[in-house]
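Everything on this sheet refers to the single structure shown next.
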């Protein structure tokens, strides 16, 4: 029997949900909504007011992913307001960030980077900061410099592999698994050195992250901190973001070179047109090498043929 479950979330959480459900968005317009998406049998309708309605047999389960962000039952501290120690920016820290989750073409890249306190000023002097403030050429150039200076672990999930594992994960679970693995591998490399903290650029409430980590073989659960816009709090996250972004851009360039035409980032109408071109050339088998097939862009591209 279908069920309805309604929660009310903050503007920040609504923005986060918009990103998380981007691959599952439906091509339909409903008045006063931010988006309508479908995950399995559950339809999610997010309204501009901050109300989010989950409909379907698994509605309550899907809504539970956002437990701790809802302001409906009682006032809770937003996970986005996590406070860090006053001098955290001067600690020796592992920072992690990911790129590509909302892009139809290209991989998902996740990087964990370790910045010892002795390297903080050096990286800042080189211009290591929020990657959104940098041009693509600057990001690629800085990435090469950063990788020569600090320990890091970079995971690249290319579209073909992504399409193989995606049915077994939701968007949040996949990101948790990748962040956890990148951090774990970096900790193994650093041993016996231990960071004073591990800062994850927050994409889901902390309790949700820890819930999914329990499914992983190698679980990193100590010294974890979660904040949105983590690059503003420690240069380690900025470094991880730059390395992740550069890897994503380089993989997009490889895809473009292989296909003989430019492959865009994002998930807009241009992606539909390029996908249709690839479908004409080699069908879904070829497209699976370059795009995340569960995005709505695939169906839109098929309609263009």
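Don't overthink the numbers, they just go from 1 along the chain as shown.
Glycine residues also receive a Cβ, built from the backbone N, Cα and C atoms like all the rest.
Going by what Swiss-Prot states, the divalent metal cation site holds 97, 98, and the candidate of 136, 201, 253 recorded there is 201.
Close to the recorded divalent metal cation site, the chain also has 96, 99, 110, 111, 179, 200, 203, 230, 237, 240, 241, 244: residues not among 97, 98, 201 whose Cβ is within 8 Å of the site's Cβ mean position. In this view, residue 98 (divalent metal cation binding site) is surrounded by 24 other Cβ atoms within 10 Å of its Cβ, with every protein chain counted. Of all Cβ atoms in the protein chains displayed, 23 besides its own lie within 10 Å of the Cβ of residue 201 (divalent metal cation binding site).
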